[in-house]
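The block underneath contains the structure these notes are about, expressed in structure tokens.
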Amino acid sequence: PQANLIFIASLLLGTTITISSNHWITAWMGLEINTLAILPLISKSHHPRAIEAATKYFLTQAAASTLVLFSSMTNAWCTGQWDITQLTHPTSCLILTSAVAMKLGLVPFHFWFPEVLQGSPLTTGLLLSTIMKLPPITLLYMTSPSLNPTLLTTLAIFSTALGGWMGLNQTQVRKILAFSSISHLGWMAIIIIYNPKLTLLNFYLYTMMTAAVFLTLNTIKVLKLSTLMTAWTKIPSLNAMLLLTLLSLAGLPPLTGFLPKWLIIQELTKQDMAPAAMLISLLSLLSLFFYLRLAYCTAITLPPHTTNHMKQWRTNKPTNITIAMLIT
């Protein structure tokens with residue numbers, strides 16, 4: 001428990017340092033503290049898969065942090081400014097964009113994310129998908145006026161496309177949620193230059209919905225689509241809520257998840273980027289497909305084919321259920 005407390009506190013500390021810093025060195029320091037704090041949480045279950053996930057995570061994040069430091073030093077070398085908001089040198093902007101893309105898991109630096117998420121427990125997966133994305137998004141937010149719009153739009157469209165395509169043939173729920181995260185990041189990246197506040201709104205709503213999904217899955221102990229089919233016997237009420245949360249994550253109109261998409265499409269149209277808006281909305285239909293499949297597996301009362309899984313009896317864990325329900 002003490003070690004766990006230290007890691008969680010360091011995680012919050014690292015995130016806070018990065019978010020509240022003006023100087024590149026302190027921002028980098030926060031990112032490093034964050035990385036080092038989450039590594040033991042990923043590798044906690046002593047399983048080769050978990051250790052592999054932790055190693056992959058460490059290598060990617062260390063490389064990305066080095067690039068952040070390198071871009072800020074290049075900028076300081078050329079302009080004499082260590083202030084985060086004064087990132088004006090074009091090469092530095094380019095390096096920083098790729099570093100942040102690597103930290104977030106945007107295409108083409110996305111390979112590590114599904115693997116790491118698949119190798120870590122559900123609660124750590126929740127931390128990786130939400131809190132660990134906040135510092136890099138904050139860096140993008142603070143440097144957004146000087147970033148390259150074409151590069152970010154390209155990364156965003158490719159991320160949405162790839163998150164949709166790759167999620168289609170997955171049976172592991174954690175991998176599906178990882179690809180869903182990649183496509184959501186695409187929506188956040190495309191609008192960061194034109195209206196950064198929309199990115200933050202999208203991120204907060206995404207965090208809420210993902211937290212609800214991960215906590216629910218953790219409560220009903222589901223890791224695969226086949227176990228999700230038999231999960232309705234455990235806590236039927238929570239299962240019904242999971243269905244709604246998944247549809248909201250997919251961005252279906254009456255639900256919360258539609259709001260950021262609507263506002264982003266509106267803003268892109270205002271910025272004369274109607275083709276990009278159209279493309280990204282069409283690509284989000286791909287991810288809608290696998291969300292619908294998840295929802296279908298959740299809502300179905302009897303699986304279409306006989307499963308080898310035993311139907312579990314109802315469980316009552318009031319605390320977890322209450323938290324997941326509240327967030328939903």
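Heads up, the Cβ atoms here are built off N, Cα and C, so glycines get one too.
All annotation found in TrEMBL is predicted automatically rather than curated by experts.
Annotated features in TrEMBL:
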type	residues	note
DOMAIN	21-286	domain 'NADH:quinone oxidoreductase/Mrp antiporter transmembrane'
DOMAIN	288-327	domain 'NADH dehydrogenase subunit 2 C-terminal'
TRANSMEM	54-74	transmembrane segment
TRANSMEM	94-113	transmembrane segment
TRANSMEM	150-169	transmembrane segment
TRANSMEM	176-195	transmembrane segment
TRANSMEM	201-223	transmembrane segment
TRANSMEM	235-253	transmembrane segment
TRANSMEM	273-292	transmembrane segment
With the greatest number of Cβ pairs under 8 Å to the transmembrane segment (273-292), the stretch among 94-113, 150-169, 176-195, 201-223, 235-253 is 150-169
Between the transmembrane segment (176-195) and the stretches 94-113, 201-223, 235-253, the largest tally of CB pairs under 8 Å belongs to 94-113
In the same chain, residues at least 6 away from the ends of the transmembrane segment (201-223) whose Cβ sits under 8 Å of its Cβ atoms read 122-123, 125-126, 129-130, 133-134, 137, 172-174, 177, 181, 184, 187-188, 191, 231, 234-235, 238-239, 241-242, 245-246, 248-249, 256-257, 259-260, 263-264, 315, 317, 320-321, 323-324, 327-328
The mean pLDDT across the domain 'NADH dehydrogenase subunit 2 C-terminal' (288-327) is 75
